[in-house]
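According to Swiss-Prot, the protein has these features:
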- His171: active site, proton donor/acceptor (ACT_SITE)
- Ser296: active site, proton donor/acceptor (ACT_SITE)
- 15-16, 90-92, 122-123, Gln248, Ser297, 302-304, Asn310, Arg336, 341-345: N(6)-(1,2-dicarboxyethyl)-AMP binding site (BINDING)
Amino acid sequence: MQLSSLTAVSPVDGRYAGKTSSLRPIFSEYGLIRFRVMVEVRWLQRLAAHAGIPEVAPFSAEANALLDSLASDFQLEHAERIKEIERTTNHDVKAVEYLLKEQAAKLPELAAVSEFIHFACTSEDINNLSHALMLREGRDSVLLPLMRQIAEAIRELAVKLADVPMLSRTHGQPASPTTLGKELANVVYRLERQIKQVAGIELLGKINGAVGNYNAHLSAYPEVDWEANARQFIEGDLGLTFNPYTTQIEPHDYIAELFDAIARFNTILIDFDRDVWGYISLGYFKQKTVAGEIGSSTMPHKVNPIDFENSEGNLGIANALFQHLASKLPISRWQRDLTDSTVLRNLGVGIAHSIIAYEASLKGIGKLELNAQRIAEDLDACWEVLAEPVQTVMRRYGVENPYEKLKELTRGKGISAEALQTFIEELAIPAEAKVELKKLTPAGYVGNAAAQAKRI
């Protein structure tokens with residue numbers, strides 16, 4: 001059976017293939033091979049640029065052009081050739097080396113130094129840098145733009161609905177009023193904190209040999225400052241952060257940090273998805289219908305909040321994967337074991353489920369329509385929420401047991417506007433204070449919620 005969106009085992013490459021296509025050049029097998037080739041090529045160029053390695057003279061413009069084309073314009077046919085070589089070698093990184101030697105043979109200048117391809121490297125030197133480059137491209141070109149798009153979409157909604165008063169609910173019960181925009185602004189602030197942390201995670205790399213001590217490097221060129229050269233390569237050539245202390249593997253702590261930060265963003269988005277789902281259920285939001293869509297196979301009237309439900313489900317899967325990778329990858333027996341290898345092949349899966357979720361949330365946000373009448377009805381039915389300001393003013397003027405008196409009047413039961421007005425009139429407080437309290441309505445008792453929403 002041929003692989004297609006219908007036959008793929010994972011919905012990431014099946015049902016949701018169209019939503020995850022931007023990740024294929026980055027996190028696929030092709031993507032990993034592409035980055036391995038880039039690292040190998042740049043390492044060879046780094047050796048040629050080093051005055052302490054005379055056996056690899058500085059490359060000509062022609063040689064650098066050939067190498068640059070391999071690194072920056074890597075073709076699918078090259079990856080297919082590497083997989084063909086791997087069927088013989090049964091070693092994926094060695095197959096990359098052999099492909100590069102084949103390409104180097106096209107130019108005598110490069111053919112003469114082909115044994116310096118993969119010089120002094122262990123496979124993990126190439127792999128760890130490739131993984132860091134994959135994560136950087138996936139984060140910067142796909143993940144962060146979508147994260148920012150979500151925060152901006154919610155921000156626009158928050159500002160638009162800044163002045164819409166709404167009944168709060170704590171423990172599911174009526175509480176002091178807020179505005180719908182302010183509750184959305186809370187989400188924006190939380191999301192943007194995590195976006196900043198995701199963007200700020202340093203992506204680490206190493207190229208220090210089989211156990212992290214430059215053993216092979218120093219045996220061949222003891223006079224070269226290999227640590228300085230490695231730092232220049234990783235930070236100057238690749239734009240990553242140099243990790244000076246490793247075993248055979250870069251310990252992956254930064255991957256745990258990155259995935260934990262993405263998972264926190266996802267957790268906040270789950271909270272948002274559930275809250276909006278609840279507001280739709282209460283009737284505070286209506287959803288724009290799409291011609292031809294069906295909400296239920298048996299109930300024709302249904303317009304379900306499926307986008308927020310899809311988002312919540314995919315975010316849960318993503319976070320489960322991130323949690324496993326973040327807890328497993330920093331652990332490796334002694335100088336290394338191979339348990340990280342198969343796990344690292346799943347770097348893009350949690351990110352894929354995340355972007356599926358982000359697209360679903362954005363689609364859901366785009367369908368939302370305010371039902372102002374329904375929100376106002378709920379608020380006007382809960383005059384008991386004004387017990388808080390009344391008892392607070394009573395405290396100011398020294399009325400005994402203000403909390404207890406309001407508790408007796410309101411706890412567990414609704415009260416009318418008239419009943420509250422009568423209670424206020426009988427209070428032993430200044431007349432002007434009574435006037436101000438009588439002006440209060442649930443819709444007007446929102447503090448500075450609107451101002452907070454507008455400045456987000």
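Just so it is clear, glycine is given a Cβ too, placed from its N, Cα and C backbone atoms.
Source: prediction; values computed, not measured.
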Point to revise | Chain-internal residues near Arg345 (N(6)-(1,2-dicarboxyethyl)-AMP binding site), provided their CB is under 8 angstroms and they sit 6+ positions away | key: Leu32
**Study point:** His171 (active site, proton donor/acceptor) in three-state DSSP notation
**Key:** coil
Review point. Three states by DSSP: which one describes Ser123 (N(6)-(1,2-dicarboxyethyl)-AMP binding site)?
Key: helix
Review point. Given Ser123 (N(6)-(1,2-dicarboxyethyl)-AMP binding site) and His171 (active site, proton donor/acceptor), what distance in Å do their CA atoms have, once rounded to a whole number?
Key: 55
Review point. When neighbour density is defined as the number of other C-beta atoms within 10 angstroms of a residue's C-beta, which of the binding-site residues Ser123, Asn310, Thr342 has the lowest density?
Key: Thr342
Exercise for review: Determine, to the nearest whole angstrom, how far the Cα atom of Asn310 (N(6)-(1,2-dicarboxyethyl)-AMP binding site) is from the Cα atom of His171 (active site, proton donor/acceptor).
Suggested key: 25
Check your understanding: What is the nearest of the binding-site residues Arg15, His91, Thr342 to His171 (active site, proton donor/acceptor), using the Cα of each?
Key -> Arg15
